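K.L.:
The structure's right below; bear with me while I get my questions together.
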Amino acid sequence: MKIDLNTIFPSSCKEYIPGKIYKNIKIGMRKVSFNNDTESILIYDTGGPHSDQDIQTNINNGIKKLRVNWITDRQDVEYYDRHTINTNSSTAFPLQNNKALKSKNDKPVTQMFYAKNNIITPEMEYVAIRENSLIQKLLSHTPNTIIPEITPELVRQEVAAGRAIIPANINHPESEPMIIGKNFLVKINANIGNSAVSSDINNEVYKMIYAIIYGADTVMDLSTGSHIHNTREWIIRNSPVPIGTVPIYQALNKVNGIVGELNFNIFKETLIEQAEQGVDYFTIHAGVLKKYIQYTTNRLTGIVSRGGAIIAQWCSIHNKENFLYTNFEEICDIMKSYDIAFSLGDGLRPGSIADANDKAQFLELKTLGELTDIAWKHDCQVMIEGPGHVPMHLIKENVEKQMYFCKEAPFYTLGPLTTDIAPGYDHITSAIGAAMIGWYGTSMLCYVTPKEHLGLPNLNDVKNGVITYKIAAHAADLAKGNPSAYIRDYALSYARFNFRWYDQFNLSLDPETAKSFHDESLPSEHAKSAHFCSMCGPKFCSMKLTHQLQLNSTE
């Protein structure tokens, strides 16, 4: 499948900004040139080499291992033979490495460990430069404004305090560092993955590429069908963004879907297997305690988290406490050896408006706060997953409780959906909640596609989900006063008022769609310089009338 970058992002090219502390690092941005050829702006870009027109990528080869030297130069890791590698299968990634990296002497190799020890890593400088992508442009428009710059030292402080994470497994050197935290740009995640009904590795890889080109900051592989290991290997080797998983899915697959046969040893084996591949963050449902399950029985929709339901059933079958909870410190030992971030799962999240903000949900959240403290003692990076289905008036309470219980660890929410009545449009019902919860302080938003509750998303659904959530995240950034967000709105509005149609299209989140809508009624090239559109026509265009008014006032 060929992706035409000239069609997706016209008048754009990749530009690389060098580091100042680490001179050898180069941060890729998307440069959008204006039609007058004298101005341009740099936009945060998540596509890696896939969005660079000068690089020919081939999914059979994977992408450049950007961070190998950064990782090995710290001299705190060593190579060893991977426990699980699958090279004989017809679906195996052709260039698998039979070696993996791990920390030496069981010492932490996490970004949090370095941050606590006052070390600014290349990853920290990288994300600081990315976050500042549009600030210089804003300064040129408002020279007397004092704008706080995001510095590598600020990044270090936020990571050390646990208010931000940089998911960056040492076995995923292809990843371009990014940061998740309430004092940075709101990020979005795209879920992909096969199912028992539909399994195609190439299709999942292209879903990942499609998602990141359009702006997904991380991707979760939630595969539950065939070839889970190999699907993940292909995705990671081609991904410049952090990859997350829910390891309990593969652990259950290993026991043929029989929940009662799950145990911690199988789960631990799965964690190490995925750690060696390079997974950057794990969803771990360690907060689903046996005593909380009783509070879900009177819910309208019960337990809707797949991981939460698996753990609840296991506890019920064995009449034992959640083995993820009882073995949590051993899990921390694995995480800190590879720098895998925790995404503490909300296994008891509400699956309907009727169940929002109930006792089960908030009991689990409190436990996640306690687990966060334990993980931090091991220097593990942590973010907290959140709901779900929540009406607008109850959204703020979720953020307030999460900030209190979890001491401002980054919040990562699925929407939330603000109503249950719109199957087929749940990307919209959830984007309403996502924009609000992002404004209140959530750090990352998990996208919802139009197929939510209905089926497995295809490429077009992935695009629609990503664009919808880029809108929600950007709206939240504007509301929070993030200076990097403002300049793009300013530039597009300026182009709109001056009837610079191509600049309007090219500055938008989806230039191809914007231009196609304009072409439906005014397809000619002449119309691309017209001082009206088909909505108002030449006589009723308010902006054209305003231009005339301004002209008259100066005469």
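Backbone N, Cα and C atoms are what each Cβ position is placed from, and that goes for glycine too.
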K.L.:
Name the residue, out of H285, H453, H474, H518, that Swiss-Prot lists for the same substrate site as N191, M220, Y249, S305, R306, G307, D346, G347, L348, R349, E385, Y412, please.
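P.N.:
Substrate site check in Swiss-Prot: besides N191, M220, Y249, S305, R306, G307, D346, G347, L348, R349, E385, Y412, the record includes H285 out of H285, H453, H474, H518.
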K.L.:
Given the binding-site residues H389, H453, C536, C541, find the one whose Cα is closest in space to the Cα of R349 (substrate binding site).
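P.N.:
Given the candidates H389, H453, C536, C541, the nearest one is H389.
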K.L.:
By the count of other Cβ atoms within 10 Å, pick out the sparsest of the binding-site residues R349, H453.
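P.N.:
Checked R349, H453; of these binding-site residues, fewest Cβ neighbours within 10 Å: H453.
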K.L.:
Can you tell me how many other Cβ atoms are located within 10 Å of the Cβ belonging to G347 (substrate binding site)?
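P.N.:
Within a 10 Å radius of the Cβ of G347 (substrate binding site) lie 33 other Cβ atoms.
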K.L.:
Please report the DSSP secondary structure of H453 (Zn(2+) binding site), reduced to three states.
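P.N.:
DSSP call for H453 (Zn(2+) binding site): coil, neither helix nor strand.
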K.L.:
Kindly assign Y412 (substrate binding site) to one of the three DSSP-derived states: helix, strand or coil.
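P.N.:
Note: Y412 (substrate binding site) is in a strand by DSSP.
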